[in-house]
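See below for the structure under consideration.
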């Protein structure tokens, strides 16, 4: 998977998941809050509606209780008035009826003062006359009306003192009647339990008017039913068809003493629609945020991956072509800028290394060619020296035999090509062969001092590094090899390194000469052409270059010298076991 796609997935996960989580959390919390508020409002309206209905019913029951209350001491008693008409005989006059109506009106006016929904109060007595009066619109009972055969009258008698409620309808027996609700109950003497008549309280539909407490008029319906499941009252503003069990919630409160049920039905679906705009807004905002985050994710994934993609393409091109540097994004101060600068530095370093390795290989190849040439010449010289040694032994010339034998061993050592590494012991033997020849030449006018512990002799070093330095001491250090001169070789180990010093007490070098020689040692070895002979490649410079090519730049030669006091050359090599 490409880095750009990985970045895109990460950014989308980081941005979209929180948006989904926050949106889900907010939407759920908001929905629960709506549920809680709707439930609270619904229950509050239902409770207040019940209280309103209960208050109105208690007002009506109080009126009925006033007619049932038996008292002999009260000057005016409704029960006492009704007892006048409890018999079958007509032992009353028109004045008595007028007086009774006045007494009823006097007692009832305070009771009905706060009950604006009452149209009229009437009592149908057993002996025939109808008592009572109308409060609104001159409502009265038609003269001669006989309720005994009416259905409502029979049902009222059957309830034996409980209210019978006749639903909303126009009462034909009332003058100036309008659609109303009537409450009727049988009246009995509180002491003798004698039947006194039937009380009828005609009420306007306002007795069940819950508009003051119901703030959900359009989304709710209030119904009042009797115990026979007859609808006594139904909210005219609501259509029952719009309320179904799927979209509605119903609360029911019983009024056992009045044989009524208050049914409050709320259309939750309609209520929730009022909050849909907010929920749609939440989802819209979430969608916009998600869209913005998606666009930003594409932008950032492209911006972050583009430098890496460009750099990887440069690397791929460098694999098939020459090493290429990357010029873009170098001026950035972040990690991308560091990466590009380090890449360019690496490419430059690698190019230098490749060039250096190529030079080293060419130098090594040139050295091998020189060695091959030397081997060709050395074989001839070695065979010649063997012949000279044989003649010297036959002629009994010991010095010639010694020199020819030592020189032959030196040639044999030089042309040995099995391995570049030899033991220190083998390298010292080569030096000793060279010294034995020089002792004969210079008639033992110098001393050779070798101070190397026996434990070090088995370590391996690069071949032909000591003898050229000893030879250099003869030709440049010892002034024509004065008597008493010496050449000294010391060797020791420290940590993982082996150190040699080749020193003499010869003429030494002044400061300019020493600086010039050290400068030559610091110069990198350069290849000109195969077979080309550079005088600087012979001797000290050659040894120093060979050591660094084989072991690394931290190894090689260091020279110390003072004029007329001598020269000391330090060799640093890694400690390698045989």
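All residue numbers here begin at 1 and follow the chain in the order shown.
Keep in mind that glycine also has a Cβ here, set from the backbone N, Cα and C atoms.
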Select from 280-304, 305-329, 330-354 the stretch of residues annotated by TrEMBL as transmembrane segment. 280-304
Which stretch, out of 7-27, 28-48, is listed as transmembrane segment by TrEMBL? 7-27
On the 0 to 100 scale, where does the mean pLDDT of the domain 'HAMP' (302-355) fall? 71
